[in-house]
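Asks: Below: one structure in structure tokens.
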Amino acid sequence: MDKLLIRGGQPLRGEIAISGAKNAALPILCAGLMTDEPLVLRNVPRLQDIASMLRLLRQHGVKIDEAATVRDAEPVVTLATPSLASDEAPYDIVRTMRASILVLGPLVARFGSAKVSLPGGCAIGARPVDQHIKGLQKLGAEITIEHGYIHAKASRLKGARIVTDMVTVTGTENLMMAAALAEGRTVIENAAREPEVVDLANCLIAMGAKISGAGTDRIEIDGVERLHGAEHTIVADRIETGTFLCAAAATGVFGGSDLLLTRAAPGTLQAVIDKLVEAGANIENNGDWIRIRADRRMKAINARTLPYPAFPTDMQAQFMALNCTAEGTGVMTETIFENRFMHVPELIRLGADIAIQDDTAVVKGVPALSGAAVMATDLRASASLVIAGLVAEGETVISRIYHLDRGYERMEAKLAGVGASIERLR
Ligand SMILES: CC(=O)N[C@H]1[C@@H](OP(=O)(O)OP(=O)(O)OC[C@H]2O[C@@H](n3ccc(=O)[nH]c3=O)[C@H](O)[C@@H]2O)O[C@H](CO)[C@@H](O)[C@@H]1O
Ligand SMILES: C=C(OP(=O)(O)O)C(=O)O
């Protein structure tokens, strides 16, 4: 199993091109199930989760051309689904990637049946999908759960008013896709406002869907009989962007970091930018780039994770790493997932001073961390260990980085390109 070897103590200087967003690309690939015409997707990130999704879609019968995804060419994936090969999303694939649940809405809406393995929990929490199921039932799907599978059937879904119990990102996406092919009008209230929901809506609209209100908490969808092919460019990954921003801020103390992130979407990152400015970083942005300069020890920040546009849970671990060597004490509260502090014991192994009380972690900044062997437990926990390793004195070896490969494209190459001492051990 691959590991990362990091020698800490280098500032980050130079330019990194941001990849397309994993969490936008995954639902948008599923929209490929909804048309028999080519859906051409640009800026699809090269990630393990994308490979898993393509494997899942292929076995459903999606014709996929990824000829242009060769290294360094623009990553383009073309999908078309002339007919269904199988309505089953098997446990084998679903257990490796929770976003597999996103085939449920498209399958039942277009083909009238779906058999999708329940994803089950993961390291960060129980992660139920009851809102996906209840929403589809409201749209008229008949749903039973048997032998670990969701069985959904409907001759044609019918529009309805759906109010979700909590803000759910993939829940909103699943229901929006299902409603796009339902008969009549659907209104989703308490909808997720994440940029990835907006990106999916834009792609569906390009395919002929009638959707308004994406990006607000009330999305209206007038169902159409069929969707057609389209071209769409996946929005930049705001979490990859935020991760590199935190890495630059944390390493500024080693003589000054100056990092330019291109192909980014700064407009999706306001809460993250605000926290970095509060910590003492200098940030400029315009259009599709964002530049961070940091030349001193940062100040600890407090953060509370909430749905977009507030501070994202997917950035909590990376800011925790930044707080570890900041001046003062940062209080971080995780309100979205019940077990998303798995990085804390590993950060403590690197010398951090962190105390957890229920959903809150109190991080007292220490002057320095010291390198050690640590273990990644989930995707963003892995990213926080990379940031901590870049700051720690001496060598840090991170194992189980298959978690990192799920969601970051060539992270070690991108960081090495801006001066980090980081290599993959195979
Ligand atoms: C592929 C993808 O886009 N993943 C993102 C998505 O995950 P995902 O869409 O799985 O997360 P949700 O937004 O659904 O979860 C939000 C909260 O709602 C709860 N809930 C959700 C659905 C449901 O049916 N019942 C229920 O109780 C969850 O347990 C959690 O407490 O949004 C999360 C929250 O921003 C991010 O951390 C993930 O990176
Ligand atoms: C939690 C994440 O992803 P997933 O929902 O796929 O587990 C993430 O991207 O941080």
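The backbone N, Cα and C atoms fix where each Cβ goes, and this holds for glycine too.
Remember, TrEMBL labels are computer predictions, not curated facts.
Grabbed the feature section from TrEMBL, which reads as follows:
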- C122: active site, proton donor (ACT_SITE)
- K22, N23: phosphoenolpyruvate binding site (BINDING)
- R98, R127, P128, V129, D130, Q131, D314, I336: UDP-N-acetyl-alpha-D-glucosamine binding site (BINDING)
- 7-415: domain 'Enolpyruvate transferase' (DOMAIN)
- C122: 2-(S-cysteinyl)pyruvic acid O-phosphothioketal (MOD_RES)
Asks: At the Cα level, what's the spacing in Å between Q131 (UDP-N-acetyl-alpha-D-glucosamine binding site) and C122 (active site, proton donor), rounded?
Replies: 18
Asks: For a Cβ distance below 6 Å to any atom of ligand 2, name the binding-site residues from R127, P128, D130, D314 that qualify, or say none.
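Replies: With ligand 2 as the reference and 6 Å as the Cβ limit, the list reads D314.
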Asks: Please work out which residue of K22, R127 has the most C-beta neighbours within 10 angstroms of its C-beta, and give that one of the binding-site residues.
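Replies: The most densely surrounded of these binding-site residues is K22.
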Asks: Measuring CA to CA, name the entry from the recorded positions K22, N23, C122 that ends up nearest V129 (UDP-N-acetyl-alpha-D-glucosamine binding site).
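Replies: Out of the listed candidates, the nearest Cα belongs to C122.
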Asks: Can you tell me whether DSSP puts V129 (UDP-N-acetyl-alpha-D-glucosamine binding site) in helix, strand or coil?
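Replies: The three-state answer is coil.
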Asks: What's the CA to CA span in angstrom from R98 (UDP-N-acetyl-alpha-D-glucosamine binding site) over to K22 (phosphoenolpyruvate binding site)?
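Replies: That comes out at 13 Å between the alpha carbons.
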Asks: If you count other Cβ atoms within 10 Å of each one's Cβ, which of the binding-site residues D130, D314 has the most?
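Replies: Going through D130, D314 one by one, the largest Cβ count within 10 Å is at D314.
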